[in-house]
């Protein structure tokens, strides 16, 4: 029997080191914000998913303090034992109302939501069809479910249709799953086409709106709202509370019967301690901000920042993708070079994380510029200038 674990893990590290793929955690000694302190250095943060700048919002911190006093620091058990408290119930109702669903169910993380939803509804003999660039949690969920896994070319609903041509048995359950806004490219899935396809074949459409909830749609209800849709009639929406909401946790929204089934059969829900009630109460306050006039202002500011960044990047000759979201990747390709660029930017006062395999496909290492409503025009202007200078120095472009 194999027993030399030390040599195994050392070898794995050496292999990743040589490929420029070993990653290190960075310790912030400040709150999560546009301005942060890392390694004793003041940096402007262009790596966070805190799109609306709510993670360190003073009013929300006051809500948290009051909620801790009222509800304590822990839930004490899973939702189905004795951990489901009034703030959880109220948050679920508020989200359902905002997104236009019959019901929502809270999960501790978005990863756990995807694992739970897929594995609760699919089993061996069923089919899961998903975008090639879906989040790792969706890919893992498909494996965990034991369903037959089919993947289609990124963002290509026509290829999805061709892949489903092999799906002929109406006795098989079929789930069509996609991110809405892709986390490393910032582009948007062809949601309307995917819904049409799902309706034609009787598939359940599951959309992970982690990067759309809070920032898309007239009231921030997400990508579905921006397209005139909602999570009903064989459509499930998964959202996170740790990005635009600025808090922690996740949810799935949809028809009541589907949610009730997930509540009973999703192991990542049933066997996990609920997030603390004070977290749910803070999330609830943030959702109210998102759905109100302040949310309108924050989304408008974020949109303005995205437009400014893209305009300045074009003026400086930077090559961007088609993304119109807060996620603006700049392709570099070489893993070692993207790390060097990221390090130089940090010395210039900007935190732009280098994204490398396995998070993205081999040969597509990139800088992932993440914009926030809290960024100022001058910060964005300075970043673009620094990007242009550094990319020219390292890549001669």
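Note that Cβ sites are derived from N, Cα and C of the backbone, with glycine treated the same way.
Unlike curated entries, TrEMBL annotations are predicted automatically.
TrEMBL lists 23, 135, 359 with the feature substrate binding site. The domain 'Aminotransferase class I/classII large' feature in TrEMBL is assigned to 42-387. Per TrEMBL, pyridoxal 5'-phosphate binding site is recorded for 110, 111, 183, 211, 240. Feature annotation from TrEMBL assigns N6-(pyridoxal phosphate)lysine to 243.
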Legend entry - Fewest Cβ neighbours within 10 Å, where candidates are the binding-site residues 23, 211: 23
Inset, instruction - Would you mind pulling the longest C-alpha to C-alpha span across 23, 135, 359, which the record has binding substrate, in angstrom? - result: 19
Legend entry - Residue among binding-site residues 183, 240, 359 with least C-beta crowding, 10 angstrom cut-off: 359
Inset, instruction - State the Cα to Cα distance, in Å, between residue 240 (pyridoxal 5'-phosphate binding site) and residue 135 (substrate binding site), rounded to an integer. - result: 13
Legend entry - pyridoxal 5'-phosphate site span - longest C-alpha distance across 110, 111, 183, 211, 240, in Å: 13
Inset, instruction - For residue 135 (substrate binding site) and residue 183 (pyridoxal 5'-phosphate binding site), determine the Cα separation and express it in whole Å. - result: 8
Legend entry - Sequence-distant neighbours of residue 110 (pyridoxal 5'-phosphate binding site) in its chain (C-beta under 8 A, six or more apart): 137, 208, 210, 238, 239, 240, 242, 250
Legend entry - Distant-in-sequence Cβ neighbours of the residue listed as 'N6-(pyridoxal phosphate)lysine', under 8 Å, six or more positions away: 49, 50, 51, 210, 211, 213, 214
